[in-house]
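Pulled from TrEMBL, these are the features on record:
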type: DOMAIN; residues: A:10-177; note: domain 'FeoB-type G'
type: BINDING; residues: A:17-24, A:42-46, A:64-67, A:128-131; note: GTP binding site
type: BINDING; residues: A:Asn28, A:Ala29, A:Thr31, A:Gly32; note: Mg(2+) binding site
type: TRANSMEM; residues: A:282-300; note: transmembrane segment
type: TRANSMEM; residues: A:338-362; note: transmembrane segment
type: TRANSMEM; residues: A:459-480; note: transmembrane segment
type: TRANSMEM; residues: A:516-535; note: transmembrane segment
type: TRANSMEM; residues: A:647-674; note: transmembrane segment
type: TRANSMEM; residues: A:686-706; note: transmembrane segment
Amino acid sequence: MTTTTQALDIKHIALLGNPNAGKSSLFNALTGLNQKVGNYSGVTIDKNTGTWVCSDGKAVELIDLPGIYSLFAKSPDERVVLDPLFNLENKDRPDLIFLVLDASNLTRSLLLLDQIRMFNFPIVVVLNMLDVANNRGVEIDLKKLEQKINLPFVAINARLQTGLEALEEAIQTLASAKKTPSLPVLTEAWEQEVHEQIPVQNSFHAKLLVSQAEHLQFLSTTQKTFLARIVDKYQLNLIELQTQDSQQRLNKLTAFTAQIASVPKNVVTLTERLDKVLLHNIGGYVIFFTILLFVFQAIFNLSTPPMDWIENSFSAVSAWLANQLPESLLTDLFIDGIVAGIGGIVIFIPQIVILFAIISILDETGYMARVMFLTDKTMSRFGLNGKSIVPLISGTACAVPAIMATRNISSWKERLTTIMVTPLMSCAARLPVYIIFISLIIPSTAVFGPLSLQSLVLAGLYLGGFLAALISGAIFNKILPNDTKEDRFFIMELPSYKLPQWKSVGITIYQKTSDFVWEAGKIIIAISIILWVLATYGPPAAMQQAEQEAIELYQVQPELAESEAALIASKQLEASYIGHVGHFIEPAIRPLGYDWKIGIALITSFAAREVFVSTMATIYSVGDADGTEGTLLDKLRSETNPNTGELVFSTATSFSLLVFYLFAMQCMATLAIVQRETKSWKWPMIQFVYMTALAYFGALLTYQFLS
Amino acid sequence: MVLTDLNVGEKAIIENFNNPQVELVMTDMGCPLGTTIELYHKTLSNGPISIKTASGNLLAIRSNEAKNLTIRKQ
């Protein structure tokens, strides 16, 4: 005698439910950290899968499908749900569906259940959010509900993690629940005609097929043309078809709910009281800006100690490795290419962790939806969307996770605009560059109380980036073609306020950070290695000549460098391939006030902008005639042009560099992510060209005006 | 009368969305034709407005769409 679980053999369970129904809380409660993020085939939408280990030790794979209101999908992330349901070959096809019902929105969540029942999947109905329903004064007769829906039924509280054991029991009772498909019930002539070519089980399937045809990957081109012909032949109004279907179901379900649940009482909920303050026409914005200030304060101040620690650790490790490993090219590659590359990624982890901690807390509490609501008007004037606020704020830490955060913007045009302008927000990598030049040229005098002139200039740069993003957004809005099918709607739910769940916050931080480390990491390391090669090798004759010259020069003027080797390195850098590139682009950057050394630093910045500082440190570690010691700042301050004797880093050049770094697209990792998200090289190319042009002409004007 | 004419706290029945796309989205979000809604909040300078549906959940919609939505005040 075998147990029923074995009889049904459940390996894959899909979680399905409305957004904010507590589906992800349930997923987190069942799987904990046994989660991984992948991609659905063909689309760059995160697929969260996890392993649920039942009390008998059996492991089941759970897949957390995107939250949807209806199977009539309207955006790419909603459409992801359709393939596992329809396509028999889909590897995510579930053996069982956990359908999460939101007790506080019973009728609406029953709509999804009603649709899912049109497919022959075993279903366990999971009722969540009973506490929220009770707060609204809604009492639900659970016995009657279970009886009426006639499916295995479990009431849980996903946030408090109660009732989860009952889920396992429910699965045990499932063995007999598998039904054989009955004969198709088709009402309309066009549905019959569809069925003759593509077998369907009921008219709901037929409606889904015709209305979603162009997005269903498992349909062949012939099948799609066939469905398009049906639409033409019967003059089907697809939108109306879907609306009517949902409307009919809702009518039936409203009557159903009336029998099992009481109507909401007229109580003022905590959410309504909080909204009086947080959405207040003046107070709401004041609170938002206060929170924003706090976010920036946290990103910059809280992250300083760990970032310093990481930086020091990496230089200690490099120094230690340089001592331990035999002196060879391979060692150099390892230390200057790979270790430095890894350091360039790890340094951003503190800021990304802090940023996503704050963002996911704001999101969990339900406040982020209010921010989108409050800022939508301002954003839409610039071709963006209330939902663009999260990518723009994230962009002040790093554009890579920020661009990945645009996925929930359903309008393609507004999403693309957000992607195109987000890198203009001053990211963490620009900060070291800003700081070095601000300390170089701006006196640290106080202007308004504790505010110094330096911090005002810094704030001005961040504001400049934000304004540039808005203005570019407005321009892209004019140029880009309008959305055709997916109209630019902004219809969203404002979820009720709740306390954040620390487990989900932790999981989000972990996922976003590892996403950044792996996605941006591999690109930054690859570029670091390429740059190391270009800076180490050059035309052999020139490299040898450079070495000879350096040795001779050191004998005459030993005060030129710390050691003979350092002078050789400097001369060889000039003779290397990258030095050639620096000289090659010098005519182009001369009008901006830059010499070939800055040119090299601009190029190396493509791996990551903060490399500018370390490159400058390498290049200017020698050639400093009056002293061997001193900080980079001192060296930059005293650097003179050997031909003219003028200071290299004059006010004009320094401001020009600040403007250049503010606008320039100098991040391969971002370009690669944009390519991945837009599935085309066209957009990252356009982004590169327009931002570089903005940087070049901005810097040109700055330099010409100031010099 | 259209949705934007409503004052905060007033209730109305949705008579016509006058935009099939919006109608489909709102219907699937549990707010079909004929539902009674309450105006919950209006943001500054014609920004989005939010409404409370019969079951007590809150939906936000841009004024552009809301001003086409005809209602019967209750």
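First residue shown is number 1, and so on along the chain.
Note that Cβ sites are derived from N, Cα and C of the backbone, with glycine treated the same way.
Here the features listed in TrEMBL are placed on the structure.
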residue: A:Gly17; record: GTP binding site; DSSP class: strand
residue: A:Lys23; record: GTP binding site; DSSP class: helix
residue: A:Asn28; record: Mg(2+) binding site; DSSP class: helix
residue: A:Asp46; record: GTP binding site; DSSP class: strand
residue: A:Pro66; record: GTP binding site; DSSP class: coil
residue: A:Met129; record: GTP binding site; DSSP class: coil
*Among all chains shown, work out which of the binding-site residues A:Gly17, A:Gly32, A:Pro66 has the most CB atoms within 10 A of its CB.*
A:Gly17
_If we skip the immediate neighbours and take only residues 6+ beyond the ends of the transmembrane segment (A:516-535), which ones have a Cβ under 8 Å from one of its Cβ atoms?_
332-333, 336-338, 340-342, 344-346, 348-349, 352, 398, 400-401, 573, 576-579, 581, 600, 603-604, 606-608, 611, 668-669, 672-673
*asked:* Below 8 angstroms Cβ to Cβ, which residues of this chain, lying six or more residues outside the transmembrane segment (A:647-674), approach it?
replied: 399-400, 403-404, 419, 423-424, 426-427, 429-430, 433-434, 437-438, 440-441, 461, 464-465, 468, 519-520, 523-524, 527, 592-595, 597-598, 602, 605-609, 612, 636-637, 639-641, 683-684, 687-688, 691-692, 694-696, 698-700, 702-703, 706-707
*Setting A:Asn28, A:Ala29, A:Thr31, A:Gly32 aside, what same-chain residues sit with their Cβ within 8 Å of the center of the Cβ atoms that define the Mg(2+) site, listed in sequence order?*
A:Leu26, A:Phe27, A:Leu30, A:Leu33, A:Asn34, A:Gln35, A:Gly50, A:Lys503, A:Ile507
*Among the binding-site residues A:Ala29, A:Met129, which residue has the largest number of other Cβ atoms within 10 Å of its own Cβ?*
A:Met129
*Could you state the CA-to-CA distance between A:Lys23 (GTP binding site) and A:Ala29 (Mg(2+) binding site) to the nearest Å?*
10
*State the Cα to Cα distance, in Å, between A:Gly17 (GTP binding site) and A:Asn28 (Mg(2+) binding site), rounded to an integer.*
15
*Taking a Cβ cut-off under 8 Å, which residues six or more beyond the ends of the transmembrane segment (A:338-362) line up next to it in the same chain?*
291, 295, 298-299, 302-303, 306-307, 310-311, 314, 317-318, 321, 368, 371, 390, 393-394, 396-398, 401, 428-429, 500, 504-505, 508-509, 512-513, 516-517, 520-521, 524-525, 527-529, 607-608, 610-611, 614
*Just how many other Cβ atoms lie inside 10 Å of the Cβ on A:Thr31 (Mg(2+) binding site)?*
21
_Counting across all protein chains present, how many other Cβ atoms fall within 10 Å of the Cβ of A:Asn28 (Mg(2+) binding site)?_
22
*asked:* Same chain only, sequence gap of 6 or more: which residues have a CB within under 8 Å of the CB of A:Asn20 (GTP binding site)?
replied: A:Gly67, A:Asp102, A:Glu493, A:Pro495
*Would you kindly give the Cα-Cα distance separating A:Asn28 (Mg(2+) binding site) and A:Asp46 (GTP binding site), rounded to the nearest Å?*
15
